[in-house]
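J.: Handing you this structure, nothing more for now.
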Amino acid sequence: MKNIIFMGPPGAGKGTQAKILCARLSIPQISTGDILREAVKNQTPMGIEAKRYMDAGDLVPDSVVIGIIKDRIREADCKNGFLLDGFPRTVEQADALDALLKNEGKSIDKAINLEVPDGELLKRLLGRAEIEGRADDNEATIKNRLDNYNKKTLPLLDFYAAQKKLSQVNGVGTLEEVTSLIQRELV
């Protein structure tokens with residue numbers, strides 16, 4: 001079984017690499033960002049609540065995100081593993097995830113962190129905003145998201161390193177180069 005976490009700052013390529021890896025491993029990609037954006041688009045109660053935070057570049061409250069994850073990992077397609085993309089983002093969320101998985105008889109096997117310099121991230125995200133028209137990808141919001149990441153998410157590296165589950169991967173390179181580096185860490 002492969003239960004994998006993809007970590008890295010916004011724009012590091014987590015979503016792109018997750019799609020490739022999930023297809024190769026035949027496991028589902030669980031993207032909290034995609035689930036939240038869909039809820040916002042459909043104006044569900046959770047989506048309306050989440051939108052306020054997302055528009056400001058702030059993290060959506062743990063209670064909302066944990067509930068989403070709990071429901072999702074119980075689905076049949078997660079029986080043989082899953083890849084979490086964009087969660088956990090804080091040590092508190094990681095603790096809650098570990099407790100949730102333990103109750104389900106599961107655990108995280110590997111946490112992969114994609115490392116990309118801030119200047120490259122800003123360039124990628126501004127380019128994505130133009131191509132995809134994502135409202136949450138303007139320069140002020142991007143800088144706030146990177147600041148949030150640096151303050152709240154970076155401590156997760158120590159959390160998973162202490163569990164001997166962390167792999168650091170250079171996220172700068174061609175799609176194929178980065179994919180190859182990630183696959184080496186999963187052997």
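Cβ atoms are placed via backbone N, Cα and C, with glycine included.
Pasting the feature list from Swiss-Prot:
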type    : residues                                                                             : note
BINDING : Gly11, Ala12, Gly13, Lys14, Gly15, Thr16, Arg128, Gly173                             : ATP binding site
REGION  : 31-60                                                                                : region 'NMP'
BINDING : Thr32, Arg37, Asp58, Leu59, Val60, Gly86, Phe87, Pro88, Arg89, Gln93, Arg134, Arg145 : AMP binding site
REGION  : 127-137                                                                              : region 'LID'
J.: At the level of the C-alpha atoms, what whole-angstrom distance separates Gly11 (ATP binding site) and Val60 (AMP binding site)?
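T.: One finds 18 Å between the Cα atoms of these residues.
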J.: Given Gly15 (ATP binding site) and Thr32 (AMP binding site), what distance in Å do their CA atoms have, once rounded to a whole number?
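T.: Cα-Cα, rounded: 11 Å.
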J.: With DSSP assignments reduced to helix, strand and coil, which class does Gly11 (ATP binding site) get?
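T.: In the DSSP reduction, Gly11 (ATP binding site) maps to coil.
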J.: In whole Å, note down how far the CA of Phe87 (AMP binding site) lies from the CA of Ala12 (ATP binding site).
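T.: About 14 Å separates the two Cα atoms.
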J.: Express the distance between the Cα positions of Lys14 (ATP binding site) and Asp58 (AMP binding site) as a whole number of Å.
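T.: Answer for this pair: 19 Å between alpha carbons.
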J.: If you count other Cβ atoms within 10 Å of each one's Cβ, which of the binding-site residues Ala12, Val60 has the most?
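T.: Counting every other Cβ within 10 Å of each candidate, the maximum falls on Ala12.
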J.: If you pair up every Cα among Gly11, Ala12, Gly13, Lys14, Gly15, Thr16, Arg128, Gly173, the residues annotated as binding ATP, what's the maximum separation in angstrom, rounded to an integer?
T.: 17
J.: State which of the following binding-site residues has the fewest other Cβ atoms within 10 Å around its Cβ: Thr16, Thr32.
T.: Thr16
J.: Using other CB atoms within 10 angstroms as the count, which residue among the binding-site residues Lys14, Arg89, Arg128 scores least?
T.: Arg128
J.: Just the number: how many Å between the Cα atoms of Arg89 (AMP binding site) and Arg128 (ATP binding site)?
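T.: The Cα atom of Arg89 (AMP binding site) is 22 Å away from the Cα atom of Arg128 (ATP binding site).
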J.: Determine the most Cβ-crowded residue among the binding-site residues Gly13, Gly15, using a 10 Å radius around each Cβ and all protein chains in the structure.
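T.: Per the Cβ count within 10 Å, the most buried is Gly13.
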J.: Cα of Thr32 (AMP binding site) to Cα of Gly13 (ATP binding site): how many Å, rounded?
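T.: Their Cα atoms are separated by 15 Å.
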